[in-house]
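According to Swiss-Prot, the protein has these features:
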type	residues	note
COMPBIAS	150-166	compositional bias 'Basic and acidic residues'
DOMAIN	11-76	domain 'J'
DOMAIN	178-249	domain 'RRM'
MOD_RES	Ser112	phosphoserine
REGION	104-123	region 'Disordered'
REGION	150-170	region 'Disordered'
Amino acid sequence: MAVTKELLQMDLYALLGIEEKAADKEVKKAYRQKALSCHPDKNPDNPRAAELFHQLSQALEVLTDAAARAAYDKVRKAKKQAAERTQRLDENRKKVKLDLEARERQAQAHGSEEEEESRSATTLEQEIARLREEGSRQLEEQQRLIQEQIRQDREQRLRGRTENTEGKGTPKLKLKWKCKKEDESQGGYSRDVLLRLLQKYGEVLNLVLSRKKAGNAIVEFATVRAAELAVRNEVGLADNPLKVSWLEGQPQSTVDPGPPGLSKGSVLSERDFESLVMMRMRQAAERQQLIAQMQQEDEGRPT
């Protein structure tokens, strides 16, 4: 950590958003949360992301080492006390204070506040140098955990896309519940209620409630995994259970392996890419056709 003067100007506790007496566990947790949000890999368009990430790393190194933290707290306390004293003084008293401190510095070779702060700063610099020589295992571990979490997030997004591209279309489920036609509450299942029940399993692309046939709806999920979880677990309201069944996109019990040209880590050819685009366009058209068909059937059904 090369820039000690800049470090002394920073409030490391405020930087991490923690209390001064926070334990090491709280310091590390705050570091992970802050570092994840400003990691350069996740903020390529932010020129200050790398600088802020470096400052957070410095704060972690100092605040998780007992000796370095004690030295930093001493400097911070001295600066805080000096700032509080200065704030209480008006302009005239500030001048008197400065004159008095000048005379005290001339009369005393040791013991002044400036010398105490200087000694504390020197101690802090020595502790930082020691940390740099020994290598901060804690910092390396926290940064490794951040990289691992970023990797897992990236893999999860890729898995969601793969589920959609490998299947015949986005998964759709049929929802049924008891509801009388004249029931304005729709049996307790408004659009907002259904979304709240279903979105916990994954992204919902579409939700269509039948206008003619009460107690019926179709939901379209972004991934097969989300649809599977909804079919397997959702029971709806206790006083009016919800029946969830497959309408389209139910996965096979066994899945055939993909063609060699589309193995993991390979790059799609131009023809493969065009086929994938056409498939997604067909899926969108089929989805709109299904919704229109359901609405048409509802309108044609006698009331």
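Placed from the backbone N, Cα and C atoms, the Cβ positions cover glycine too.
In the domain 'J' (11-76), helix, strand and coil residues by DSSP number 46 helix, 0 strand, 20 coil. Summarising model confidence by region, the domain 'RRM' (178-249) averages a pLDDT of 93.
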